[in-house]
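**Q** Found this in TrEMBL, in case it helps:
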{"type": "BINDING", "residues": "PRO30", "note": "substrate binding site"}
{"type": "BINDING", "residues": "HIS60", "note": "heme b binding site"}
{"type": "BINDING", "residues": "THR61, ASP107, THR110, ASP115", "note": "Ca(2+) binding site"}
{"type": "DISULFID", "residues": "CYS67-CYS94", "note": "disulfide bond"}
{"type": "DOMAIN", "residues": "1-187", "note": "domain 'Plant heme peroxidase family profile'"}
Amino acid sequence: MQAGGPWYNVDLGRRDGLISKASRVTGNIPKPTFNLNQIKKIFAKKNLSECDMIALSGAHTVGVSRCKSFANRLHSRVDPLLNPTYAKQLMATCPKNANSTITVDMDPNTPNIFDNVYYKNLMVGKGLFTSDVVLYTDLSSRKVVKKFANNRDDFNAAFITAMRKLGRVGVKIGNQGEIRRDCTAFN
């Protein structure tokens with residue numbers, strides 16, 4: 001709420017798993033270098049639609065990324081899909097072999113506000129990740145990006161729907177998992 005994002009009810013009582021390993025993330029979250037088909041495949045495995053995928057990607061309207069997550073677009077060959085001025089700003093902040101702690105705002109215009117500017121940025125070559133840019137450059141998803149760029153309410157409604165669906169992925173039932181007393185630790 002501090003960033004001004006949409007409000008929605010969260011389903012309560014979800015059971016958490018008893019195993020938490022970083023190695024289980026691979027194949028479940030898109031990498032910043034993924035193309036549209038790779039991203040679609042990840043979301044489809046979770047029964048999330050292309051519209052859900054595009055709406056959830058809008059979470060990149062807030063937050064930061066380490067330089068190494070998008071360095072592939074800068075140094076060997078500057079990605080021609082990057083806005084040239086934006087590319088220069090990124091290279092100034094993230095020189096080749098940059099310190100791994102350097103971060104860049106995901107949204108260069110309104111980094112602390114949950115809004116639809118992320119989609120407007122995609123339309124002018126200011127998507128940080130390859131996985132962001134393909135949402136606009138691929139004709140199959142461009143229409144939804146334009147819709148969200150032009151209508152914040154449409155984006156917010158789609159984001160809420162997608163978040164609620166995402167919250168129901170992999171729900172544990174019966175004796176599986178546990179309802180934690182403290183979300184940060186097993187009981």
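In case you wondered, yes, glycine gets a Cβ from its N, Cα and C as well.
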**Q** Cα distance, ASP107 (Ca(2+) binding site) to CYS94 (disulfide bond), nearest Å?
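**A** Checking the Cα atoms of CYS94 (disulfide bond) and ASP107 (Ca(2+) binding site) gives a distance of 16 Å.
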**Q** For the binding-site residues listed here (ASP107, ASP115), tell me which residue's CB has the most neighbouring CB atoms inside 10 Å.
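**A** Output for this query is ASP107.
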**Q** Who sits close to THR110 (Ca(2+) binding site): which same-chain residues at least 6 apart have their Cβ under 8 Å from its Cβ?
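**A** Residues satisfying the criterion: THR61, VAL117.
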**Q** Looking at the recorded positions PRO30, HIS60, CYS67, which has the shortest Cα distance to ASP115 (Ca(2+) binding site)?
**A** HIS60
**Q** Would you list, in sequence order, the recorded positions among PRO30, CYS67, ASP107 whose CA lies within 10 Å of the CA of HIS60 (heme b binding site)?
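**A** For HIS60 (heme b binding site), the recorded positions whose Cα atoms are within 10 Å come to ASP107.
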**Q** Take the C-alpha atoms of the residue listed as 'substrate binding site' and ASP107 (Ca(2+) binding site) and report the distance between them in angstrom, rounded.
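**A** The Cα atom of the residue listed as 'substrate binding site' is 18 Å away from the Cα atom of ASP107 (Ca(2+) binding site).
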